[in-house]
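**Q** For reference, TrEMBL lists these features for the protein:
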- 320-413: domain 'BRCT' (DOMAIN)
- 438-478: region 'Disordered' (REGION)
- 463-478: compositional bias 'Acidic residues' (COMPBIAS)
- 492-569: region 'Disordered' (REGION)
- 492-503: compositional bias 'Basic and acidic residues' (COMPBIAS)
- 508-520: compositional bias 'Polar residues' (COMPBIAS)
- 521-541: compositional bias 'Basic and acidic residues' (COMPBIAS)
- 554-569: compositional bias 'Basic and acidic residues' (COMPBIAS)
- 608-630: region 'Disordered' (REGION)
- 608-621: compositional bias 'Basic and acidic residues' (COMPBIAS)
Amino acid sequence: MVKRNHKFKSGEGAMYYTRKAAMRKLQLNIKDFRQLCILKGVYPREPKHRARAQHGSQEIKILYHKKDITFLLHEPIVWTLRDRKIFNRRIKHAVAKQNINLRDIRLHNYPQLKLDHIVKERYPTFIDAIKELDDCMTLLFTFSTFPATKIITRELTRMSRRLTVEFMHYVIAAQALRKVFISIKGYYFQAEIKGETVTWIVPHYFPYSPHRGEMVDLSIMKSFGDFFTVMAGFINYRLYHSVNLVYPPQFAHTLDSEETMGDEQKFVSERIAALNVDLLRSDGGNNGDAEETELLEWTGNDEDLPHVSQIRQEAQSVNKLKTLFKGLKFYLNREVPREPLVFIIRCFGGKVSWDKTMFVGATFDESDETITHQIVDRPTMDKQYISRDYIQPQWVFDSVNQRRLLPTNKYFIGAVLPPHLSPFTKSDARYVPPEELAVRKGDQEEEDNEKFEAAEVNVDQEQISDDEEVLDPEEEQQQQEYALMKAYNDERTDDLNSGKDENDANDNEVNQGAEKSTQNGKEKPAAGGDERQAQEKEQPAKKPKGMAVKPGKVFKENEQDQRGLTKHDEALRARMVKSKHRKLYSKLMERQKQSDKEAHILASKRARIEKQKKAAQTEKQKKQRKQILA
């Protein structure tokens, strides 16, 4: 009997499950299904042909791959979620009967999720876990600012607070911080850990305000938080042992006490105080004395590895950046955001303190004469010391991003600060602000000056090959004089030979006019010489017309014709693309047009702002002139 192929029983029609079918397959409700998918890293898929995957339906449905759902069927957590459903029903039954003892017993025996095996399953190697650390730290820093609520439990906020402080201590000990930036969302930090770039956001500390459930579903965020706390524990353990730090660390100030859990201000103060103290090392060393990494030199030719000089320069700049604030002492005023500044200054080898009467953990007083910088965010200061610079907080961030100590005159108290440029812009961005272009130009000039100085130093150290003979200075001078004399003699003989031919041609004319020249008392050779000079003057006038020199003219292209040519070229280029790559090519072109449009909007916005500034400045000058004349 011939086997018949039924519709949607093979191909894309049999490869996908809808969310409803997947929940029916796993025997879970929507809440448990979402939690399971988040923990296992299973997400909806976008089919190539949606109509076939949905069995001919034109609706937009959430689809999951059949292999993913089959993979979830063998997960032990599924049984734990089912047991939780049973326990929830039993707890409700005990509460309805007002049996408090039975309720407490069942709450004590409530099934707990064990996620260790899932972390090992999703991240087979340690580097894989480091690559996914961005979202983990961003969410944990967010949860660390939350109070305990019905959904976000106290245990989750407590673990988030501890894990984030541990991570910041590792970044300080390893000197791994590279870029910082202030935005409306919070403080952006970027560190280099095990060769991988990790970027996270620390939110500003604002009072917590409850919100409605339809704005943000905190239960989904809690599922991510439960997984990330286990993941961050594994990562911190490995990172601490890589830099010889004892784990779990013993902080000088307690972060888990009841007072810190109840008072947010006290917790922030204790957290910052913990960042300002070195941790205990397993090898008995000191965190303050960081070992200098030895740079490896490339022994081959630059042609073998063309980017070797760029790699060497980057390594040297990173080594200088690690000790940017070494030997400097900072004092923070009470109005300054302390946590990001303490974290940044400690990462680059600086010492920092604050008013001990306001916050705990201060290491030196304001009257200390060895303080080099005092960070202030107020228009004036009544009492100032001559031995230190009074600067605004932005100086610290800009110095780190430019990898050098900037001049402090632009960041004095009450000064109008320069724009705070983002270090995360790409070098091939369509729109670059003029201030960033000026910074790049200055950096390029410094690099050129360094190269020029290096070339001047190495002039006397040029290597001479074995085939070349090393001559004495006297012998070199004699050879040069001989070469000059030889060149002069050759030129002289050529001139004499050319003059001889012209004299032979004019001998007859000179002999015929000899009698007339004697009668007039004039020498005929002189007249002959005048004729030759006249002939030489007439010769340049007989050059061909094509050799004439004409003044150049600037060629102006027609913009409309140029646009038409570019459109024609784009159409031809699109035709050359293979049919299977046309969709990808169209996406790339749309993305390019979108980026061009955004760059044009930013450029026009900047021009409008500059025009408004200029108009306001001229108006101000007019008012000043009127006041002077009045």
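Each residue, glycine too, has its Cβ placed from N, Cα and C.
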**Q** Restricting to the domain 'BRCT' (320-413), what is the model's mean pLDDT?
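**A** So the average pLDDT across the domain 'BRCT' (320-413) works out to 90.
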**Q** Which numbers of helix, strand and coil residues does DSSP report for the domain 'BRCT' (320-413)?
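**A** Output for the domain 'BRCT' (320-413) reads 26 helix, 14 strand, 54 coil.
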**Q** Write out how many residues of the compositional bias 'Basic and acidic residues' (554-569) are helix, how many strand and how many coil, based on DSSP.
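**A** Grouping H, G, I as helix and E, B as strand yields 11 helix, 0 strand, 5 coil.
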**Q** List the helix, strand and coil residue totals of the region 'Disordered' (608-630) as derived from DSSP.
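**A** Result for the region 'Disordered' (608-630), in helix, strand, coil order: 22 helix, 0 strand, 1 coil.
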